Structure formats: structure tokens, C-alpha cells
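Colleague: Can you keep this structure in mind? I'll have questions shortly.
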């Protein structure tokens with residue numbers, strides 16, 4: 001592929017930034033040479049009840065993986081996100097809520113949020129929820145979900161937020177794993193004009209006899225829709241709030257006590273309950289939010305994620321609120337009621353920072369200029385990308401069309417397990433290359449290793465590992481530390497293995513090439529699926545592409561590409577040939593697709609992740625081995641892809 005262009009830091013950005021190039025270099029150097037000194041200083045950004053004396057106590061030795069930060073200090077996360085802001089910014093907006101329906105919105109100040117959190121914390125105590133108990137939150141994107149999270153943190157309960165798109169079976173599995181005592185939900189969720197039967201899903205989940213740990217369901221009224229009611233088990237959120245006291249002293253928590261569990265899919269077996277603790281996580285979420293997004297007091301910050309994912313935890317709730325920011329909470333989807341929704345929300349609420357996913361960017365890009373029709377966009381100062389590698393074509397469209405070539409893009413790489421951003425540009429310090437996550441954040445020491453675990457120097461490609469701990473790192477998998485060690489520390493000993501492949505260029509910039517299990521081996525050549533997808537999407541007629549490997553008699557693996565075309569483009573054999581030649585030209589003959597299947601849509605979770613597992617099964621004709629597809633945003637897409645695949649096989653028979 002052609003050399004990536006470098007977009008230097010704009011002088012006006014460098015002049016006003018929190019972190020210019022010299023500051024980045026000095027801070028990064030200190031953070032890796034003297035992590036104790038660096039993090040001791042950075043930890044002062046939050047309020048401690050009992051100051052810590054110990055900073056970093058960590059071991060990546062696979063016989064004794066142990067991660068502790070600020071272990072003898074005490075604090076309360078809820079107090080750091082609310083109480084400490086009341087004097088200075090009690091009347092500032094903490095949350096701007098934008099409903100699925102554009103006519104619905106709510107503004108909540110820090111003082112109001114503090115009162116609601118205190119009331120609900122008392123309500124939870126009244127339901128026998130205490131320090132160390134697990135509370136499952138299965139809610140739509142409404143302010144009450146944030147209230148529930150902060151109320152748990154206030155009393156020392158551990159929250160487990162389960163994305164509202166998950167099926168009753170998936171919900172039950174997560175409740176069983178953490179032995180949840182209370183489930184907080186809503187009558188229904190609303191998303192993209194459709195209703196989701198959340199309470200009914202909870203009822204179904206609890207028919208599993210192994211969910212007997214659950215004593216109460218607290219139900220928030222979102223739509224007023226009809227729901228089944230269990231007299232001695234179910235309680236209305238609103239009834240609890242009416243009688244609860246608005247005074248609730250925050251519980252003093254040890255820095256290494258659990259704050260939350262968040263379940264993420266394992267490549268095999270049951271979901272992994274990623275465990276994050278209190279002190280290090282909050283320090284890291286707050287620092288990364290401030291420095292990566294160059295956040296200034298009074299700005300409106302919008303992360304489009306759902307609180308059911310780690311991005312919502314760290315960059316809608318904890319990071320922004322710890323920093324006293326105004327955070328926008330969006331219930332809906334980027335294309336409802338139409339594709340201009342994102343740009344309309346930006347203008348309506350004068351959003352300064354927009355942090356979204358490549359899948360949303362590509363959806364807007366497929367509609368071209370129509371996505372920003374009538375938009376002003378002048379409030380925007382910074383753009384961000386999260387969730388998967390962003391292909392250069394989408395990056396350029398985002399930069400030019402949404403950011404008007406004046407907003408830097410922070411292309412962030414991190415994981416549920418990392419707690420916060422690990423590799424990203426800093427707007428005032430880092431020149432940008434479309435598609436590259438660029439350089440490590442403070443305290444993060446990335447490296448590339450070969451399949452034997454040997455470190456690779458210079459410009460190279462390999463397995464991405466992190467050589468030392470950082471405060472936001474997950475401490476374990478809930479109830480299964482052995483699996484934590486096996487998953488992250490056994491593959492390459494003494495290192496945290498991310499599961500991702502990456503390329504490092506001659507400038508030391510990192511390019512994420514995709515999950516290692518998404519790496520193709522074609523005739524002995526390693527190729528990341530992201531690289532081929534980026535080449536395909538760079539074609540003017542392609543909106544989206546997903547690449548999977550299929551068995552090939554000669555090459556070992558063949559390249560199978562699902563392609564979604566831009567609006568108004570007709571599929572044809574001629575276009576199929578054109579796209580194959582295009583990829584040959586962009587990457588080389590070795591990357592030429594063996595099969596291109598037209599796809600009106602791709603199977604995605606509601607957070608926008610493409611489910612490549614399903615695409616692999618369809619490509620190899622394993623239609624009966626697709627597993628649970630209930631968590632997909634549009635399960636109907638799957639049958640369409642199966643039908644198309646069958647028709648292609650018939651045509652070639």
C-alpha cells in the first residue's frame with residue numbers, strides 16, 4: 001500500500017494544548033523510567049480518604065501474576081465523580097441525555113446527579129445490598145443507568161452492567177457467574193424506534209434455576225409498556241426514590257477493592273468476567289480522558305458508546321465525571337430517524353468532542369454528503385475513534401467531512417481488560433497517519449514479539465504485547481484467576497498478551513492489524529484482515545467490507561470477502577473483478593480475494609462489532625453451527641447471507 005501521509009500537529013492546536021510534543025516526551029520518559037514517581041504524582045488528581053504510601057506492586061510472572069496499585073490507599077469513586085465537584089460546579093451540567101426520539105432530552109446538573117445517586121444508594125441499602133455484593137444492571141441508555149452505577153460505587157457494591165441487547169440466556173449466564181443479588185432494569189428499552197422487552201428478558205433469565213442468588217428486581221419506568229409483575233420480588237425504581245433519603249455518606253473503599261465486573265466474550269467457553277478495582281482504574285480513566293481528548297473545563301463531550309461496554313464505563317461515566325466534564329448520553333443509534341442524527345446532535349448540544357466507532361463513521365460515509373446535510377459542526381474541536389482499527393478511507397472522510405480538516409482525530413486502541421486507552425495520538429503532540437493508533441500513552445510499554453516470544457526491534461510486524469503494568473489494568477477474571485493467567489500471561493511469558501497483531505512503522509507508530517485469530521496465512525504470508533478490509537473500503541464504490549479466511553487446497557487459507565456497496569451502486573460480475581484487481585493493486589497479488597460475496601448488511605452486535613465467527617461459518621457452509629445470534633443488531637442479515645452463499649454455490653456447481 002502507498003506510504004501513509006502524515007498530518008502534522010496544527011500550530012493553533014499545539015499552542016493551546018495540554019500536552020505538546022516536548023511535554024509528551026518528558027512525561028512518557030518519566031512514566032517508564034520511574035513509574036512510582038510518575039503515578040504517585042498523577043494519582044493526586046483524585047481525592048483520597050487515606051493517602052497511599054505504596055504505588056506499584058506488580059508481577060507478570062505467570063507463576064505469580066499479581067497486580068496492585070496504590071494498595072494501602074482508600075477512596076470512594078462516587079465521591080470523586082460527584083461530591084468534590086459540588087462547590088465549584090454544582091450547577092454545571094453533568095449529563096446531557098438525548099433520547100432515541102429527537103424530541104426527548106434531559107439535562108442533569110452535578111447537584112441533581114449527586115442527589116439522585118445518594119437516594120438510590122440508600123434504596124439499594126434498603127434492599128439489603130452491601131459492600132462486596134454484586135448488582136447486575138441491564139438497562140437502556142438512560143440517566144438512571146449511570147445513577148445505578150454510581151450508587152453501587154457509593155456503597156461499595158460491585159456492578160456488572162450487561163448490555164441491553166443481550167438475550168435472556170446471555171443475561172442468565174452473567175448473573176449466575178457473579179451470583180448477583182439484585183438486578184436493575186427497565187420496563188422496556190427504546191433504540192432506533194424499536195422497543196426491547198428488558199423486564200421480560202430478565203423474567204426469562206430468572207427462570208433458570210441457577211439464578212437463585214437474585215432476591216430483587218428493581219424496574220425503572222422507561223415506556224410505561226405492559227410487563228409481568230412478581231409481587232414479592234419486583235419493585236419500581238420510582239417508588240424507592242420517592243421515600244429514599246438524599247443523604248448518603250460514601251463508603252471508604254480500599255484502592256484494590258472491586259469496582260465492577262464487565263463480561264467480554266472468550267474465544268472459547270463462557271464469557272470472561274473482567275474485574276476492575278477502584279483506585280488505579282479511576283486514576284487511569286481520568287488521566288486518559290483528560291489528556292487523550294485534551295479536555296478543557298466547560299466543554300461538552302460525547303462518546304456514542306453504550307454503558308454496557310467498557311468504553312461507556314471509562315469514557316461516558318467514570319473518566320468524564322471524575323474530571324468534572326459534561327458528558328452526553330445518547331439512547332439511540334446514529335442513523336435514526338435518519339443518517340443526519342449525529343450531526344444534528346452535535347449542533348443541538350454544541351458538542352466539542354465526538355468519540356465514536358468506525359462502523360458508525362462508515363455508515364455515514366456510505367451516504368456521503370447527506371450525512372452532514374444542513375449541519376454547522378463549528379462547535380467540534382476534536383474527533384475520536386474506538387472499537388476497531390479505522391480504515392484510512394473512513395479516517396479521511398471523518399477528518400474532511402465531519403471535522404472540516406481542522407479537528408485532530410484520536411484513533412484509540414485499548415480493550416475491556418486494559419481499563420483505558422493504551423495507544424493513541426495526543427492532539428497537541430502527535431502527527432497523524434490515517435489508520436494508525438500511533439504511540440503509547442504514559443506508562444504503557446508496548447512491544448512486538450514473534451510466535452516464539454522473541455522481541456522484534458525496529459519497523460516490523462508481530463504479536464502485540466505490553467511489557468509492564470499500568471494502573472487501569474484488569475486485576476483478574478471474576479472467580480477464575482487461573483483463566484486470567486492462562487489467557488493473558490502464558491502465551492508469552494512475563495508479558496501481557498493483547499491477542500492483537502500489530503505493525504510498527506519506521507516512525508515507531510503502531511498499526512493494529514486485527515485479532516491474531518483474524519490473521520490470515522495465505523501461502524505462508526501473514527496478512528491482517530484489517531489491512532485487506534482497508535484496501536477494499538478505499539474503493540469509491542464500497543461502503544464496508546469484512547474479510548475471513550477459508551480453507552484452500554493450495555494456499556492453506558483463501559481470502560473470502562463480504563462487501564457492502566455504497567447506496568445506488570449495482571452489484572455485477574464486472575464490479576467483482578474490478579474489486580479483486582483493486583486489492584491486487586493496493587496490497588499485492590497475494591492479497592487478491594478468492595471470493596467476493598455481496599452483502600446488503602453485515603452481522604454486527606449492537607455495539608457495532610462485526611461477528612466474524614458467523615461470517616466464517618457461512619463462508620464454509622456451516623449454517624447449522626452459527627451459535628447464538630440473538631445479540632445481533634439485525635439477526636435477519638444472517639439468513640440473507642446464507643441464502644446468497646447457497647445461490648453462489650449453486651451457480652458455480
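Each position is counted from 1, following the chain as shown.
Here the Cβ of each residue, glycine as well, is placed from N, Cα and C on the backbone.
Residues or ranges marked as CoA binding site in Swiss-Prot (evidence: sequence analysis): 191, 192, 193, 194, 311, 335, 523, 584. Look at Swiss-Prot and you will find 387, 388, 389, 411, 412, 413, 414, 415, 416, 500, 515, 526 tagged as ATP binding site, backed by sequence analysis. Swiss-Prot lists 537, 539, 542 with the feature Mg(2+) binding site, giving sequence analysis as the kind of evidence. Summarising the annotation, Swiss-Prot assigns N6-acetyllysine to 609.
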Colleague: By Cβ count within 10 Å, point out the most packed of the binding-site residues listed: 192, 193, 387, 389.
Modeller: 389
Colleague: So of all those recorded positions, 193, 311, 523, 609, which one's Cα sits nearest to residue 542 (Mg(2+) binding site)?
Modeller: 609
Colleague: Just give me the nearest neighbour of residue 412 (ATP binding site) among the binding-site residues 192, 311, 335, 537, 539, Cα to Cα.
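Modeller: Closest candidate to residue 412 (ATP binding site), judged by Cα separation, is 311.
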Colleague: Among the binding-site residues listed here (191, 335, 537, 539, 584), which has the Cα closest to the Cα of residue 416 (ATP binding site)?
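Modeller: Ranked by Cα distance from residue 416 (ATP binding site), first place goes to 191.
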Colleague: Which residues of the same chain, at least 6 positions away in sequence, have a Cβ lying under 8 Å from the Cβ of residue 539 (Mg(2+) binding site)?
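Modeller: Listed in sequence order, they are 578, 579, 582.
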Colleague: So of all those recorded positions, 311, 335, 609, which one's Cα sits nearest to residue 389 (ATP binding site)?
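Modeller: Smallest Cα separation from residue 389 (ATP binding site) among 311, 335, 609: 609.
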Colleague: Whose Cβ, among the binding-site residues 335, 412, has more other Cβ atoms within 10 Å than any of the rest?
Modeller: 412
Colleague: Would you identify the secondary structure of the residue listed as 'N6-acetyllysine' according to DSSP, in three states?
Modeller: coil
Colleague: Whose Cβ lies within 8 Å of the mean position of the Cβ atoms of 537, 539, 542, the Mg(2+) site, other than those residues?
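Modeller: Surrounding the site, in chain order, are 393, 535, 536, 538, 540, 541, 543, 544, 545, 563, 579, 582.
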Colleague: Can you tell me how far the Cα of residue 515 (ATP binding site) sits from the Cα of residue 193 (CoA binding site), in Å?
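Modeller: Per the Cα atoms, residue 515 (ATP binding site) and residue 193 (CoA binding site) stand 33 Å apart.
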Colleague: Let me check the 10 A CB neighbour count of residue 311 (CoA binding site). How many other CB atoms are there?
Modeller: 24
Colleague: Using C-alpha positions only, work out which of the binding-site residues 194, 311, 335, 523, 584 is nearest to residue 387 (ATP binding site).
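Modeller: In terms of Cα distance, residue 387 (ATP binding site) lies closest to 311.
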Colleague: Quick one: what's DSSP say for residue 523 (CoA binding site), helix, strand or coil?
Modeller: coil
Colleague: With H, G and I counted as helix, E and B as strand and the rest as coil, say where DSSP puts residue 194 (CoA binding site).
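Modeller: Once the DSSP labels are grouped into three classes, residue 194 (CoA binding site) ends up as strand.
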Colleague: Which Cβ among the binding-site residues (416, 523) has the fewest C-beta neighbours inside 10 Å?
Modeller: 523
